[in-house]
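Novice: Let me begin by handing over the structure; questions about it come next.
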Amino acid sequence: MFSAKDTLAKVDPELWQAIQAEVQRQEDHIELIASENYVSKAVMEAQGSQLTNKYAEGYPGKRYYGGCEYVDVAEQIAIDRLKKLFGAEAANVQPNSGSQANQAVLMAFAKPGDTIMGMSLAEGGHLTHGMALNMSGKWFNVVSYGLNEKEEIDYDKMEALAREHKPKIIVAGASAYALRIDWERFAKIAKEVGAIFWVDMAHYAGLIAAGFYPNPVPFADVVTSTTHKTLRGPRGGVILMKAEHEKALNSAIFPGLQGGPLEHVIAAKAVAFKEAATPEFKNYQEQVINNARVMARVLGEERGLRIVSGRTESHVFLLDLRAKNITGKDAEAALGRAHITVNKNGIPNDPQKPFVTSGIRIGSPAMTTRGFTEIEAEQIAHLVADVLEAPSDEAVAATVREKVSALCKKFPVYGA
């Protein structure tokens, strides 16, 4: 039998030390990666619960294993909360990731060799929307749409491509697009050409839940999302769908792609969905947008950096660093030395290789979870610009680290 005294620190001190070092890094660094966030203690408690012991192939009320009566309750709570949060007819909370949720859509509605249409990865899309090296690009004929000269989605060209190629599926959504997306226009185009309209709202889900970004659920046949990022839950995926597609999509997840679901993660998702329905979460998401706008304004208007698309209408934006003669890779490293975490990111039609890039992506979800407001957002933007103006200057990095340390101590991730 296991003893309650057999803690991780005692059983595996080597791993414990690595985890503690990561905990300290999260406390000591300002996190500006748009796809990262911090979860609540309640979410972590659910994910670390004894539900991890239970195998539960199938769905609530229709399991292939006995002893599922309580995980059925937990999973149904998650389903019901998710449907209510976004106004969906049906939902699946079992996908282990956003990518697996996306694979399920492709499995349910297309066959290898069929044509699908998605936003070009080079212009802000996601690799699961048709990148050549991804399953979606290997198995399907991919037609990509992109941006116009204003670096906004080129709806007119996308419409022309859809009429020409008549794809089985049209996917809207992005991993590096700062502006609002016109779901209704996508839906009209998809209907005209007879395509399934699929939205991947992974980056915007928290903003949508709080009412600060358009909700795609009324317009789309199916919506996928991650549960982390702006939604501030555990790492995982979900699918929202019209009732008529529930059987096909549920079958695509199980038995199509997965076996037993991760019921401990599903329980953590349920907690996050409850948190996302609170007034506090709405206030948080409003602050997320305000902080992103302040950082974009300071970096663009005051510090002379080019913001891709010229502005942000969400939690994220891209910085084009070509005028500074620094690559995204080097900028990421320089900011990391100053204890500011970002990710290198391609800009539209980037001439650099994907592991080098000409830009960085900046997001406000994690920093806002710490309690940062417009005041701190302005300070952070100036710190970022200071480093980018002298990326090899250790004295600048040291000064910025000191200021970052003061901010992090004032706003801990997990307070008392």
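Backbone N, Cα and C atoms are what each Cβ position is placed from, and that goes for glycine too.
Look at Swiss-Prot and you will find LEU121, GLY125, HIS126, LEU127 tagged as (6S)-5,6,7,8-tetrahydrofolate binding site, backed by sequence analysis. Summarising the annotation, Swiss-Prot assigns N6-(pyridoxal phosphate)lysine to LYS229. Taken from Swiss-Prot, the feature site 'Plays an important role in substrate specificity' covers HIS228.
Show me how these features fit into the structure around them.
Specialist: When Cβ atoms from all protein chains are considered, those within 10 Å of LEU127 ((6S)-5,6,7,8-tetrahydrofolate binding site) total 17, not counting its own.
The C-beta environment of LYS229 (N6-(pyridoxal phosphate)lysine), restricted to residues of the same chain at least 6 apart in sequence and closer than 8 Å, consists of ALA34, SER35, GLU36, ASN37, ALA202, HIS203, ALA205, GLY206, PRO365.
DSSP assigns HIS228 (site 'Plays an important role in substrate specificity') to coil in the three-state reduction, placing it in neither a helix nor a strand.
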Novice: Relative to the mean position of the Cβ atoms of LEU121, GLY125, HIS126, LEU127, the recorded (6S)-5,6,7,8-tetrahydrofolate site, which additional same-chain residues have Cβ within 8 Å?
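Specialist: So the additional residues around the site are GLY118, MET119, SER120, GLY124, THR128, HIS129, GLY130, MET131, ASN134, ALA174, SER175.
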Novice: Just how many other Cβ atoms lie inside 10 Å of the Cβ on HIS228 (site 'Plays an important role in substrate specificity')?
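Specialist: Result for HIS228 (site 'Plays an important role in substrate specificity'): 26 other Cβ atoms within 10 Å.
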Novice: State the count of C-beta atoms found within 10 angstroms of the C-beta of GLY125 ((6S)-5,6,7,8-tetrahydrofolate binding site), not counting that atom itself.
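Specialist: Counting Cβ neighbours of GLY125 ((6S)-5,6,7,8-tetrahydrofolate binding site) within 10 Å gives 24.
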